[in-house]
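The following features are taken from Swiss-Prot:
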- LYS20: active site (ACT_SITE)
- ASP148: active site (ACT_SITE)
- PRO106, VAL107, ALA108, SER109, GLY110, ILE111, GLY112, GLY113, GLY114, SER115, GLY116: ATP binding site (BINDING)
Amino acid sequence: MISTVQDSLEGHFHVLTPIKLNLALHIVGQRTDGYHLLESLVYFSLSGDCLSYAPCERDRFILTGPFAKGLSCNSINLAVRARDFMHKTFPRSAKPSSFQLMKTLPVASGIGGGSGDAASILNILRQKWKLDCSCEELAEMSLALGADVPMCLFALEYQQPLFVKGIGNDVTRLEEACSIAMVLVNHGQKIATETIFNALEKRNHPPLKINPVALKTVSSLVEVLQETRNDLFIPALKIAPQLAEVLSTLDESGSLFSRMSGSGATCFGIFKDQQAAQKAAAFIKSMHPNWFVKSIITLGRSSQ
């Protein structure tokens, strides 16, 4: 399933790509090839970048939007690599495509923007080319594009939060997890994921223990999160001390629980409902007009 925003013309449509949020992230080891082993509670919102697709005679990729500056339309861009990956993997089914990506999410911000874009392109082409390939099969193959791409594919397919282990390839769907209202805040400093992982002083932290039953309501979820961590926060804070101000601002705006997502620098706050989240987002934006602030609703069951 894809989050379809518009289907105005045959074959032409727009989707909003997934935002990935690590509500908890425990680093529990490291493989000999350098990949870190993690355990993470991951939620998603289909309110990210805007991706437009249309069939065409020759491949085309266009970048626009407030966060497109400095990005390229070549193989350095993960979204372009995803398109090229599909051409190489399914040459007999491949057809030219035109993609326009409006970047509305900060780059290098710990919310999987690039991975969500890539997963959306994989998912679109799987459907448009009518491939005899399941989401699970494509997710396994797409690990070559990055550890976050498979989980974003699963988010598009199943519309549920996930418990993720290993290097991102061991995924469990959390079917009972409720949808939550959140506010995302980014103060503007880019943080390279590799830099944060290299700065880790310890790579064998205690595992993440989550009882799926506790994810059914916002209040019980918040209680569970109090006993979890983001093991990347301490090294990120040393690089970007402004993170402390962001988290403090979220708390002041009424957040029930605030934390940095992934390797940063985006932080999130959990709120009791959408109205509270929207009110908090407006408050934070008025106080810090240069910050990225976004109110979202995550995928999941209704908690009502």
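Glycine is no exception: its Cβ is also placed from the backbone N, Cα and C atoms.
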Calculate the distance in Å between the alpha carbons (Cα) of GLY112 (ATP binding site) and ASP148 (active site), and round it to a whole number.
7
Cβ within 8 angstroms of the Cβ centroid of PRO106, VAL107, ALA108, SER109, GLY110, ILE111, GLY112, GLY113, GLY114, SER115, GLY116: which residues besides those meet this for the ATP site?
LYS20, LEU105, GLY262, THR266
Can you name the recorded positions among PRO106, ALA108, GLY110, GLY116, ASP148 whose CA is within 10 A of the CA of LYS20 (active site)?
GLY110, GLY116, ASP148
Integer Å distance between the CA atoms belonging to ASP148 (active site) and PRO106 (ATP binding site):
16
In whole Å, note down how far the CA of ASP148 (active site) lies from the CA of GLY116 (ATP binding site).
8
Roughly how many angstrom lie between the C-alpha atoms of ALA108 (ATP binding site) and ASP148 (active site)?
13
Measure the Cβ-based neighbour count of LYS20 (active site), defined as the other Cβ atoms within 10 Å of its Cβ.
27
State the three-class DSSP label for GLY110 (ATP binding site), counting H, G and I as helix, E and B as strand, and everything else as coil.
coil
Just to verify a number: CA distance, GLY110 (ATP binding site) to ASP148 (active site), in angstrom, no decimals.
11
Work out how many Å separate ASP148 (active site) and GLY114 (ATP binding site) at their Cα atoms, rounded off.
9
